[in-house]
Each structure stands twice: as structure tokens, then as C-alpha cells.
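Taken from TrEMBL as is:
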BINDING   Gly122, Ala123, Thr124, Gly125, Ala126, Gly127, Lys128, Thr129  ATP binding site
COMPBIAS  1-22  compositional bias 'Polar residues'
DOMAIN    23-363  domain 'Kinesin motor'
REGION    1-24  region 'Disordered'
Amino acid sequence: MSDSSRPKSTGHGQAKRSTSGDNVKVVVRIRPPNEAEGERFHSVTEAISDHMLVFDPKVQRPMGFLPPNHRDVNRRRFKDLKYAFDYVFGPSSSNKDVFEQTTGSIVKGVLNGYNCSVFAYGATGAGKTHTMLGNSQEPGVIYHTMIDLYKRINEQRDEKCFDVAVSYSEVYNEQVRDLLMPRGNLPIREDKTVGVIIAGLSLHKPKSAEELLHMLHFGNKNRTQHPTDANAESSRSHAVFQVFVNQRQRCSNFNSEVKMAKMCLVDLAGSERATHTTNQGARFREGANINRSLLALGNVINALADNKFKGHIPYRDSKLTRLLKDSLGGNCHTVMIAAVSPSSRSFEDTYNTLRYADRAKHIRADVSRWAGKDLVSLLMF
Ligand SMILES: Nc1ncnc2c1ncn2[C@@H]1O[C@H](COP(=O)(O)OP(=O)(O)OP(=O)(O)O)[C@@H](O)[C@H]1O
């Protein structure tokens with residue numbers, strides 16, 4: 001979408017102009033209300049077009065059902081706040097719709113040798129895992145992305161040889177683990193040739209979509225999950241699915257250029273307000289680590305989004321930001337999917353997510369192709 005077709009901002013309470021550059025695309029997905037929200041709470045987030053939503057807490061709340069900490073919120077400040085994003089998905093959207101407007105447009109870039117990353121951000125229970133992984137009836141963005149990647153590869157098989165490998169890992173309590181071959185904590189290294197890597201992470205070559213789905217299901221079973229107040233099956237780790245693609249012209253000689261690219265699909269752990277949670281002990285520590293790494297991610301986004309900022313980008317403040325270093329600021333097409341609940345129950349979480357997403361629109365990066373390096377072989381041998 002061109003900037004000129006977006007609604008212009010005229011100040012507070014009006015549409016904010018989306019300034020997503022070529023590299024960072026920001027979309028918001030509003031999930032349907034769940035049973036607990038349906039009757040007792042009202043909707044505070046509404047998609048009013050494909051590119052705009054209104055966050056509107058001025059609607060009268062039923063007495064006795066005010067959100068926790070509602071006094072912290074200055075209602076006039078939040079009145080009828082409109083946000084423009086590259087795309088806004090309403091509650092009836094499917095994972096396929098989200099794929100088409102997000103990775104659908106960047107898979108082509110991966111096959112042209114550009115790095116890509118997609119990450120789902122949002123509060124606990126907002127719909128990140130549903131969007132990225134989905135389930136057997138409604139497979140998520142990762143599945144659709146891989147199906148599209150294989151389809152495009154098959155279309156070009158006569159002219160090019162491709163080598164595709166995937167990995168699936170999690171960052172939990174500031175430790176990185178392999179989800180496909182679990183065996184302890186793994187270190188993050190920065191390699192001059194291939195960028196940021198997880199040393200010792202297993203790489204796999206699924207031969208079909210079914211094998212890939214099986215792999216995702218297996219990896220997800222190994223992922224750390226614990227119930228929270230907002231989600232009975234809350235993912236308490238950041239899950240990182242990576243796809244490495246090498247390609248070479250078929251008729252060229254052995255020394256010909258190898259085009260290489262990396263795609264990173266991340267399902268972040270849900271943010272949770274410490275004041276809102278009744279978690280204690282290990283769960284509290286877990287929540288604190290999640291919030292710490294998401295704060296570090298927010299600081300990196302803020303630094304990258306600030307055109308005037310010339311200082312050091314604080315990637316090293318958490319494992320998550322170290323891992324995403326070349327997916328955020330570096331040589332990468334990035335898509336952020338911000339997931340929100342429609343409900344007044346998650347009023348502050350939604351506001352915080354929208355602010356985070358609004359800030360991310362300003363990140364720009366210099367994207368160029370990686371060529372002449374065989375990433376899959378470098379990582380596998
Ligand atoms: N778009 C959607 N359509 C239908 N159900 C949804 C949708 N989004 C989320 N849900 C349901 O809401 C619940 C919470 O969603 P999900 O687990 O994806 O949240 P999350 O943001 O990943 O939370 P956490 O950070 O705690 O892991 C799940 O039962 C999920 O199936």
C-alpha cells in the first residue's frame with residue numbers, strides 16, 4: 001500500500017499515519033471474544049477498514065465490570081483513538097488471510113536471496129500461537145508460508161537447485177533450547193559469514209507439508225507451556241522457527257553464485273502485567289523474564305525507529321534480541337503481527353500492544369541480498 005492511500009494523522013484522537021518503510025510491515029489482528037469475555041465485557045477494539053482500527057474505551061461499561069486498574073487510565077486521553085496499520089484483521093479473519101497479507105508478500109523475497117522475519121507480538125491469550133502455529137483444522141502462518149515456499153520452489157525446479165532446511169527453537173528463562181532435538185541449553189554465536197546462529201541447533205529437511213506439520217506439532221509439544229490467568233495453555237517461551245534456503249542455477253558451473261536467505265518466524269511469549277497476575281514462584285520468575293526480554297525488544301525497536309538515534313542498539317540486553325539482531329535492524333524484510341483481544345477485559349494490554357506496534361512501523365533497515373555463501377552447508381557441516 002502506498003503511503004498516500006493511508007489516512008493522514010491530524011493529531012490526537014485521529015488516525016496516525018503509517019510510515020512503514022519497505023522493510024517493516026506492521027499488521028494487527030483482533031481475535032474473536034472468548035466465552036469469558038463475551039457476556040461480561042464489551043468490545044474496545046474495532047477494525048473500521050482493512051487498514052484502520054479504533055480503540056474506543058469511551059463506550060459505557062456495565063457497572064461492576066470495570067477492568068483492573070481502570071483508574072490508571074485517563075479515559076479522555078484514550079477517547080476514540082484511531083490507528084492505521086499496513087493491515088487490520090477483524091475477528092472473522094482466518095490464518096490464511098493473515099498469511100496472504102504478511103509472509104505471502106515476502107516469500108518471493110526469500111527466493112530472491114533476501115532475509116525475512118515475521119514475529120507475533122501481544123499479551124498472553126491475545127492469539128499469537130493461534131496465528132503462527134494454529135491447529136489441524138486451522139493451520140497457522142508458518143504452515144501456509146512453507147506450503148507457499150515449496151510451491152514456488154517447485155515452479156522453478158527446472159532452472160534452479162534448491163536446498164531448504166528448518167530449525168525450531170525456544171528462548172525460555174533466558175536460555176535457548178532445540179525444540180526438535182531437545183538436549184540442554186545452546187549458546188548464541190555471531191558468525192562473520194552467516195550472522196547470528198544458535199550453535200548446535202539441529203537442522204531438518206522436511207520432504208512434504210505433512211512432515212512439516214508433524215515436525216511443528218512435535219516441536220510445540222516440547223515447548224514450555226503453563227496456564228496463566230488469561231490463557232489455560234499459555235506459551236511461556238519465545239518460539240523461533242527458522243528456514244534456510246540456498247539456491248543455484250542448474251546449468252551454471254560449480255563456482256557459480258549461491259543465493260542464500262534466512263526466514264525467521266517467531267511466536268513471542270505473551271506479555272503479562274505483574275499487577276494483573278496472581279502467579280507466584282517459578283511462574284512469577286518466568287513472567288519477569290518474559291517481560292524483561294519483551295522490554296529489551298521494545299528498547300531495540302525504539303532505538304531502531306528513532307531516526308535521530310545514533311547510539312548503540314541494545315541487542316545484547318536479552319537472548320531474544322541477540323537472536324533477532326539480524327531479523328530486526330539488519331538485512332531483513334520484517335513483518336510484525338500484533339495480536340489483540342477485542343475485549344475491555346484486556347483494555348490496558350491492548351493499548352500497550354497498539355503502542356508497541358505503532359512504534360515498530362517506524363523501523364527501517366537496509367536490505368540487501370546475501371550471495372556466494374552456502375548457508376545450509378555452513379550450518380550443517
Ligand atoms: N483468531 C482466532 N480465532 C479463534 N480462536 C482464537 C483466535 N485467536 C486465538 N484464539 C483462541 O484463543 C486462545 C488463546 O490464543 P493463543 O494461545 O493463540 O494466545 P497467545 O497470544 O499465544 O497466548 P500466550 O502468549 O499466553 O501463549 C486459544 O484457545 C486460541 O485457540
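Even glycines carry a Cβ here, placed using N, Cα and C.
On the structure: features taken from TrEMBL.
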{"residue": "Gly122", "record": "ATP binding site", "contacts (Cβ under 8 Å, 6+ apart)": "Lys128, Leu268, Gly270, Ser271, Ala338, Ala339, Val340, Asp349, Thr353"}
{"residue": "Ala126", "record": "ATP binding site", "contacts (Cβ under 8 Å, 6+ apart)": "Arg31, Gly270, Ala339, Val340, Ser341, Ser346, Asp349, Thr350, Thr353"}
{"residue": "Gly127", "record": "ATP binding site", "contacts (Cβ under 8 Å, 6+ apart)": "Arg29, Arg31, Ala339, Val340, Ser341"}
{"residue": "Thr129", "record": "ATP binding site", "contacts (Cβ under 8 Å, 6+ apart)": "Ala120, Gly140, Ser235, Asp267"}
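DSSP gives Ala123 (ATP binding site) a strand state.
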